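A short worksheet on the structure shown next.
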Amino acid sequence: PQHLDPGTVETPPPDSSAQHFCHFTPKFASARSTPSHYGEDGWHEATSKTTIRVENEVEAHREANNYKFGFRKWKGNVTERPIEDRSDIVKELYSNLSVVKPQEGSVITFGNVMYVVLFGWWISLIYVLVGLLMFGTIFGYRYGKVCWKLALYFLWPFGKFIEKVIRKVMLQCGVSDEDAVGAKDSAPLLVSSPIGDLSMPVPPEDMKSSDYWCHISTYIWFLLGYPVLAVVHGLACVLSWLLVFTIPVAKLNAHILTAVLLMAPKDIQIQRLDKALRVERGVILCCYRAFNVYYYKYTIQGINIFALNLLPLVVITLIIGYTDHEHKYFSAETTFATAIMSIIPLSYYIGMGIASISAQSNFAVGAVVNATFGSITEMTFYITALLQGHRAATKCYEEIVKAALTGTLLGCILFIPGICMIIGGIKHSEQRFNSRSAGVSSALLFISIGGVFAPTLFSKTFGNLVCESCSNIPGNASVPFICKDCHYDTSQTDPQLILSHTEPLVYTISVLLPAAYLIGLIFTLKTHSHIYDIHISDGHGGHAHGHHVVHWSRWRALAVLIVATVLMACCADLSTENIEPILAHFSISQYFIGVTVLAMVPELPEIVNGIQFALQNNISLSLEVGSCIAVQVCMIQIPLLILFNAFYDVGFVLVFSDIHLWASIFSVILVNYIFMDGKCDYFQGTALVVVYLILLALYFFAPSPRSC
């Protein structure tokens, strides 16, 4: 939660805040506000106090890094949160299906009905067929009865539970009937199964019983029935897991496969919830809902479920991309689409690796990791595209890279803040943000745009306007003089203009922009760190140094970063190698492809982070997400491309088209006007998104670059 006090600001201790950007206060400590030492204009000179509660010291470092200039903003936790400290909604996501709970509401819901349509009917049908097969073997009739019972169960498993008779197990262990009856009097009404979570199923005791293997029906079952049902439940488990919101169905099928189907038929009983549980039976499976919309929060080892499900797509991309060079089985468009989609989970893993290392390290290590891997996603694509264009001897790929650079700027300046303002403004009527920190980012954006497009303005000032396809009849003034395809060409005016003037200007800018970025780091992290007066308090009433379990250690996170970077380079190479058929599609402008697909797909994890910040009423970080990326594009990525071109000449010239120039300048002016008052709502966000869509329409109807 964010607490704003616009009239005052708490002075941070000089020995901690200036160095670590935040200071910790226990939950029980009163957060007193002292009069501002900046005078009556304290609101403008200082900032509002932001108090954030964290679980441990590692999460405190992660939150502090979120407010550091130049660091990637990360919403998810890098340490494991105890399940007992989480909300009831999240607890429900991780609960197993072996506990009977009081039924709330009707089991006839839209999600349960969709389960019947998507899974229930065909799973039930296969159970009927397997039951007929087991009856046909004569000896397997007991399993045939079980299959028919399970066929009815899977047609509608809600409001029912599967229980296991445990009396026989008790007798085999030397427990008499009198002891069992005594246990009946003292045992609770609702008995939980020994079956654990989905990840660690406990095999039933029947597998250890000699009596279980004394029947010929058991061998017939494992030879004819179980393999078929294993394939069926495996398929249902994979499909429901990939759909994410139907993960309860995946858990249901996994429990059936690893527990129920391995039990003796006489020990399997299916009851309705309205019947009383008998104590000599233990609940194995009980499902209430097939659909839960909150499963988008589900994580495994700190990895979000969507990023986990998209990881196999990376393997598929590498297989079809490097084995089907002739496109006999998959078209180039398909390979391009899978390669672009594979960038999304890889960007997520790179971001999580950066956040994990930064949270467990000091400031110097975190800064190096952010500077090294923070722009690796975009840089791999830009460099591979320039190399592809150099090999193909065409300038079209260079124009695509410039369109992608501009598209990233427009998306980070307009779309990311806009969509965050809309979603956050719907939940919170008005949100306030740190106008001083936003002013620093806005100033750097002005410097960035001015520096990046300075060579473009230079070429228009000293270049020669060349027009092609001119219609002119000498001596006939009645025919209008019409020229098409007019552009500035510096080589026509002075062949040495680029070598003698434009190129030194580009190199000068490539030095000044990183220098300005470094000054911004010093300003926000050292000399004026009070701009971000962040108080991070312990959420458990003690010091923020409690016991914690880190999802990824430093070495594991570093290994993930390296592997994800290599895979990112491979996917970027496949995307640029297979983009040519799309570029040849003249109905779509190459400008539009660059500013949309190639620019915004790698930024999807950042967009999700920004939206989550906005939903928690932390719009300041949502705005910083886009500003940070935009500043890094201009002050780090473009100078790196110029440096790369200096060592390996791929023909990259920092001269943009007019449409890129004016769209970027207009966007920066607009967003600075929006950020002036330090307040935002969904209307201002709508204005930014609408302007972004107008610019996309402009790119969509724009003619393709001359080189394409």
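Keep in mind that glycine also has a Cβ here, set from the backbone N, Cα and C atoms.
Pulled from TrEMBL:
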type     : residues : note
DOMAIN   : 110-160  : domain 'Inner membrane component'
DOMAIN   : 335-453  : domain 'Sodium/calcium exchanger membrane region'
DOMAIN   : 557-699  : domain 'Sodium/calcium exchanger membrane region'
TRANSMEM : 119-141  : transmembrane segment
TRANSMEM : 216-236  : transmembrane segment
TRANSMEM : 242-264  : transmembrane segment
TRANSMEM : 303-323  : transmembrane segment
TRANSMEM : 329-351  : transmembrane segment
TRANSMEM : 363-383  : transmembrane segment
TRANSMEM : 403-426  : transmembrane segment
TRANSMEM : 438-458  : transmembrane segment
TRANSMEM : 505-525  : transmembrane segment
TRANSMEM : 582-601  : transmembrane segment
TRANSMEM : 621-644  : transmembrane segment
TRANSMEM : 650-675  : transmembrane segment
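Scored on C-beta pairs under 8 angstroms, the neighbour of the transmembrane segment (582-601) with the top count among 216-236, 242-264, 329-351, 363-383, 650-675 is 329-351. Put simply, of 216-236, 242-264, 621-644, 650-675, the stretch with the most CB pairs closer than 8 A to the transmembrane segment (403-426) is 621-644.
Helix, strand and coil content of the domain 'Sodium/calcium exchanger membrane region' (335-453), in residues and according to DSSP, is 103 helix, 2 strand, 14 coil. Stretch with the largest number of CB pairs closer than 8 A to the transmembrane segment (216-236), among 242-264, 303-323, 363-383: 242-264. Of the candidate ranges 242-264, 303-323, 329-351, 363-383, 650-675, 363-383 has the most C-beta pairs within less than 8 angstroms of the transmembrane segment (621-644). Cβ atoms under 8 Å from those of the transmembrane segment (363-383) belong to residues 19-20, 65, 70-72, 343, 346-347, 350, 353-354, 357, 401, 404-405, 408, 521, 525, 561, 565, 568-569, 572, 575-576, 598, 602, 632-633, 636-637, 640-641, 644 of the same chain, restricted to positions at least 6 beyond its ends. Residues 69, 409, 413, 501-502, 505-506, 509, 512-513, 516-517, 520, 523-524, 531, 620, 623-624, 627-628, 630-631, 633-635, 638, 653-656, 660-661, 664-665, 668, 671-672, 675, 678 of the same chain lie 6 or more positions beyond the ends of the transmembrane segment (438-458) yet place their CB under 8 Å from a CB of it.
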